[in-house]
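So that you can see what the record holds, here are the features copied from TrEMBL:
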DOMAIN    4-323  domain 'Amino acid transporter transmembrane'
TRANSMEM  23-43  transmembrane segment
TRANSMEM  64-83  transmembrane segment
TRANSMEM  89-112  transmembrane segment
TRANSMEM  164-188  transmembrane segment
TRANSMEM  208-232  transmembrane segment
TRANSMEM  244-267  transmembrane segment
TRANSMEM  273-292  transmembrane segment
TRANSMEM  304-324  transmembrane segment
Amino acid sequence: SVSPSIQTYPDIGEFAFGNKGRILISIFLYLELYFVAIEILILEGDNLQNLFPNAKIHVGCVKIVAREVFVLLVAIVILPTTWLKSLSLLAYVSIGGVLASIVLVFSIFWIGAIDGIGFKEKGVIWRWDGLISAISMYTFCYCGHAVFPTICNSMKDRSQFPKVLFVCFILSTITYGSMATMGYLMYGQNLMSQITLNLPIGKISSKIAIYTTIFNPITKYALVISPIAMAIEDTLPLRKNKYIVSYFIRTFLVISTAIVALTVPFFGYVMTFTGALLGVTVSILLPCLCYLKIKKPSYSEVVFIWMILVFGSSIAISGTYTSLKNIISHV
């Protein structure tokens with residue numbers, strides 16, 4: 001409502017702080033998406049290794065073991081989907097991801113209620129030393145908003161976008177909440193970073209849950225990478241061979257995310273780092289700063305916003321430090 005020229009988050013940054021604001025928001029937005037793409041590959045590698053722990057291949061004198069094999073294999077499978085220029089086409093692929101999420105929740109419930117695992121485990125409900133990591137992970141779960149402007153611009157009827165957002169957040173909250181509750185009641189303190197790694201492999205319901213977990217991120221990867229690729233392409237003054245360059249950029253992004261996923265294969269710690277440093281910055285700190293710059297808030301609004309900024313900054317600093325410390329110690 002401030003300016004009709006504002007269509008993306010970087011546009012808001014430019015309106016508030018000029019070109020420096022656009023650059024800053026763009027960096028954090030696209031880094032956030034980049035790390036989400038890395039998480040997808042780590043997730044795929046972990047779950048496929050759980051299904052086929054003895055898989056390995058030899059390339060010359062080099063032996064590539066299960067998880068590394070599957071990260072590379074998934075990257076190859078995903079690569080062609082990133083070449084699609086129209087997100088309208090990707091929408092038909094991603095709708096399979098929505099159905100997969102529903103199947104996953106019901107599969108986990110079936111395992112707990114019918115297949116004998118039960119919902120009787122107990123553990124420490126509140127741990128102060130894990131509070132920062134938990135908040136960082138929660139932030140990560142809702143950090144997909146960087147894709148929203150791209151999705152909105154690809155819709156035939158953009159007036160329906162608010163309804164899309166509402167349904168998206170409601171379904172996501174229900175999914176996250178139910179999975180977290182069931183995971184805690186099923187495995188307590190023994191719950192791993194991904195509940196699928198706890199499931200008994202021999203049961204059909206477990207296989208359905210794991211295969212669904214494997215299928216779901218594949219449908220999301222291209223949506224996550226596409227805004228980054230489009231931003232890079234827009235900065236290059238290309239007229240000739242632009243399609244070839246586009247394929248090269250998208251291929252390079254897939255290769256680079258695969259390399260990072262192989263180098264830092266820690267799903268929980270990478271999620272904490274992404275949520276703390278990038279998620280908090282993009283979804284809490286930068287919007288507040290832009291609002292203070294663009295609008296003329298009342299005194300009470302200014303006080304409330306600064307409280308949010310102080311809280312968000314403390315989470316960003318402490319969460320980033322904790323996650324980097326864990327990543328470095330495990331590497």
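Backbone N, Cα and C atoms are what each Cβ position is placed from, and that goes for glycine too.
Keep in mind that this is a model prediction, so the values were computed, not measured.
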Between the stretches 23-43, 64-83, 164-188, 208-232, 273-292, which wins on the count of C-beta pairs under 8 angstroms to the transmembrane segment (304-324)?
273-292
Any contact between the transmembrane segment (64-83) and the transmembrane segment (273-292)? By contact I mean 3+ C-beta pairs closer than 8 Å, pairs at least 6 apart along the chain.
no
When you scan the chain for residues with a C-beta under 8 Å from the transmembrane segment (273-292), skipping those not six or more beyond its ends, what do you find?
9, 12-13, 15-17, 21, 24-25, 28-29, 31-32, 35-36, 39, 132, 135-143, 145-146, 302, 305, 308-309, 312-313, 315-316, 318-320, 322-324, 327
